[in-house]
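Report on the following structure.
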Amino acid sequence: MEVAFILEKLILVVIIFVITLVIAMYSTLAERKIAGFMQDRYGPDRAGIFGLLQPLCDGGKFFFKEEIIPAGAHKTLFVIGPVIAIITACISSAVIPWGQNLTIGDQVITLQVADVNIGVLYIFGVIALGVYGIMLGGWASNNKFSLMGAIRAASQSISYEIPMGLSLIALLMVTGNLSIGDIVANQSGFNWNIWVQPLGFLIFIVCAFAECNRVPFDLPECETELVGGYHTEYSSMKLGLYMFSEYINMFVSSALMAALYFGGYNFPFMYDLGLSENWITIIGTLVFFLKIFGFIFFFMWIRWTLPRFRYDQLMNLGWKMLIPLAIANIVLTGIITIVVDTYFK
Amino acid sequence: MESLSNRKKVIEQRPMNFWERIYLPAIARGLSITIKHFFKKIPTVKYPEQIRPYSKNFRGQHSLKRDELGRERCTACGLCALSCPAEAITMTSAERKKGEEELYREEKYASVYEINMLRCIFCGLCEEACPKEAIYLDGPHVTADYLRKDFIYGKDKLVEPKFDITKLAQ
Amino acid sequence: MSIFYFVAFLSIFFALMTIFTKNPVHSVLYLVITFFTFTVHYILLNAQFLAVVNFIVYMGAIMVLFLFVLMLLNLNKDTEPMKSTIVKIMGTVAGMCLLVTFLGAFRVIEVNNEAITPHANIGLVKNLGQVLFKDFLLPFELSSILLLTAMVGAVLLAKKDTNKA
């Protein structure tokens, strides 16, 4: 490995890390703003113009709040819980391709930290790991509500990983590739995977909501039943880390949906406009972020529209609806692929 | 039984059909409702910067009035304190000395005049009781404070500032 | 090579910790770390697919279920039944027998230091798929039928018997 390569990747990692944190920070503001507008009010608008400094105020508040560790809590695990949550949230963005190659002089820079040839599975594994943060935090709090939240989170995440994986298998049958970089590259122009996998996308987005613990599947932290769910006993920045990891997860899953189903950095007529390579890359990256913001908005839009599911409804939806649907989707995809390959080529 | 008012609504309870069961059309409808609200005009009044017009007979903080020469009108007769249903007003009267004629209009004046704003119910009976037209509830809202003792407003807060009648007429 | 020894040391260390900790939840967590070191081993062998599958299935699903059950059980010293001396002695004897068997087995196995790697990319998804669906198709399908049977059995067990009760 040469130094330039490591340096390039390091800079890219830092940039993506900063962007992720900033987006997570401003997602909190966006959430409150969108909630406000959907309820015919303004939302926070006192700190700075349009309330743009509100996330900084919230962060500062988190840092200066008193840190309380309950007497009966398991101290080590109580601290490790939020750490795991935030780390797993952050490392999942490593395999997402943020754009095409950027050529500066004779240096070609790939806007992707690691093009692992099993990128989809990597993300899947990291998501599966994320539940440990919630489980450990909830168990270590030594509180019934926290434990209930943790157990709900665990069973929910395991239940929804299955249809999510199955919907991805159908996608992989179409793309024939496990690397996210190649999957996105194959969707150039307007050949997005959503056109061939609409049902798969529907299953995937429902599972993404469940994996992110977002409304209508936010049962691990549902305040009407469990006080605060798994983070009932958390205060100060440890609570902040949990909140942050939730928003980072939302960002990453938005990016994943945009990359897998909505063409990532590809946009219609990208090669017909006569732009230079670098301009296509830059515009593509912007388009990608636009898609991500669209999905984040959709997450929040759903949150302020739908009521929370009951737990048995959640499990019924996961096991009795989504899994059969996902399997049917796989079979359907297989049949269509064979028919198209034999008769239309 | 026959319904008399004709307002009775019979609710039909039938099993959900396919579209209702897959829940997606209902979600789409809900989303369309929320997005409609997203673009609606927001009725919020941003208070300190934007103030809604008050009613003409709004009763706010009291002010003790001066006459056209700038003298305090109050003569400490105590009718306001007597009429006050909340017992919010107290005063101490004093006799006007020689040379104070440009300060006080009557021969007797209130040396101390206090209203407890925590007791006051802003009913306006003091205003009606006053024979000298010395007290009016024409001020702004009484603001919040941290200590109880700060809600007892003395003459320093109640007496209106001196003004020049000739300039005011313009 | 030094990375291998380091990771191997870690896996043995955490495996031992899994056995020796008193708290069952700690035990499971050490087991999770042990599985993580296995994942690192797979990556060192360039078996990426196995690594990730190990990661997803063992760390992400099975261990979560273990933890899930342990959290519900609320095990601690008070609820642990006292074991009699005979049980302890029998346990020791059985353990020793196992150890002796292992030692005997290891002595029989010839030490083969040659690295058996037909080609370095055998662990990648494509090659693995080729091997599984061409050379080992029958065992692969058989094992999937076995899993399916287990699943059907689990569903049957979980289903309430409507005739009774």
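Counting starts with 1 at the first residue shown.
Glycine residues also receive a Cβ, built from the backbone N, Cα and C atoms like all the rest.
Bear in mind that TrEMBL entries carry predicted annotations, made automatically and left uncurated.
Record features, source TrEMBL:
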- A:6-29: transmembrane segment (TRANSMEM)
- A:77-99: transmembrane segment (TRANSMEM)
- A:119-141: transmembrane segment (TRANSMEM)
- A:162-180: transmembrane segment (TRANSMEM)
- A:192-210: transmembrane segment (TRANSMEM)
- A:247-267: transmembrane segment (TRANSMEM)
- A:279-302: transmembrane segment (TRANSMEM)
- A:322-344: transmembrane segment (TRANSMEM)
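Contact counts against the transmembrane segment (A:322-344), taken as Cβ pairs under 8 Å, peak for A:162-180 among the stretches A:119-141, A:162-180, A:192-210. Sequence-distant residue pairs (6 or more apart) of the transmembrane segment (A:6-29) and the transmembrane segment (A:119-141) include fewer than 3 whose Cβ atoms are under 8 Å, leaving the two stretches without contact. Long-range contacts of the transmembrane segment (A:279-302) within the same chain, counting only residues at least 6 positions beyond its ends with a Cβ under 8 Å from a Cβ of the stretch, are 23, 27, 30-31, 34-35, 38, 98-102, 111, 209, 212, 214-216, 250-251, 253-255, 257-259, 262-267, 270-271. Proximity of distant same-chain residues to the transmembrane segment (A:247-267), defined by a Cβ-Cβ separation under 8 Å and at least 6 residues beyond the stretch ends, is recorded for 20-21, 23-25, 27-28, 86, 89-90, 92-93, 96-100, 120, 123, 127, 130, 168, 171, 180, 183-184, 187-194, 197, 200-201, 204-205, 208, 211-212, 214, 281, 283-285, 287-288, 291-296, 299.
Through the fold, the transmembrane segment (A:77-99) approaches residues 13, 16-17, 20, 69-70, 110-116, 119, 122-123, 126-127, 129-130, 132-141, 180-181, 184-185, 233-234, 238-239, 241-242, 244-246, 248-249, 251-252, 255-256, 259, 264-265, 281-282, 284-285, 288 of its own chain, all at least 6 residues removed from its boundaries and within a Cβ separation under 8 Å.
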